[in-house]
Amino acid sequence: MRKHVLAASFSMLSLLVIMGDTDSKTDSSFIMDSDPRRCMRHHYVDSISHPLYKCSSKMVLLARCEGHCSQASRSEPLVSFSTVLKQPFRSSCHCCRPQTSKLKALRLRCSGGMRLTATYRYILSCHCEECNS
């Protein structure tokens, strides 16, 4: 009986290895998603304070978009039949930018009992999009 249980366990293990983990991605997006340099959201902590008033500063969790986009940047000359060439090149590039964000606010306590509200955008997701000139 012990040999049958061991054989069954070994067979299930072999089947899992052959089939792979069904919860993980198996398409090419998994390879791209696993690149640690890809465009993604990164968290960091920063101190928020008012530049003019004497307020107590607050430590806040912020997010930024950072990383590489898979599309290559390119510039190529434009051909013109005019003597004045206003825009001599056509450029194409992609930048890592916020895709979705939400407005957040925090209150700072200042001298004299005054309270000031600071607002900022908290980035929820990032993506690659064409850069503006």
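Just so you know, the numbers here start at 1 and follow the chain as drawn.
Every residue, even glycine, has its Cβ placed from backbone N, Cα and C.
Noted from Swiss-Prot: Cys128 is disulfide-bonded to Cys69, selected from Cys55, Cys65, Cys69. Swiss-Prot lists a disulfide bond between Cys126 and one candidate from Cys55, Cys65; that candidate is Cys65. The disulfide partner of Cys110, as annotated in Swiss-Prot and taken from the candidates Cys39, Cys55, is Cys55. Following the DSSP three-state reduction, the secondary structure of Cys39 (disulfide bond) is coil.
Around Cys96 (disulfide bond), the same-chain residues six or more apart in sequence whose CB sits under 8 Å from its CB are Cys39, Met40, Cys65, Glu66, Gly67, His68, Cys69, Cys126, His127, Cys128, listed in sequence order.
Counting every protein chain shown, 19 other Cβ atoms lie within 10 Å of the Cβ of Cys55 (disulfide bond).
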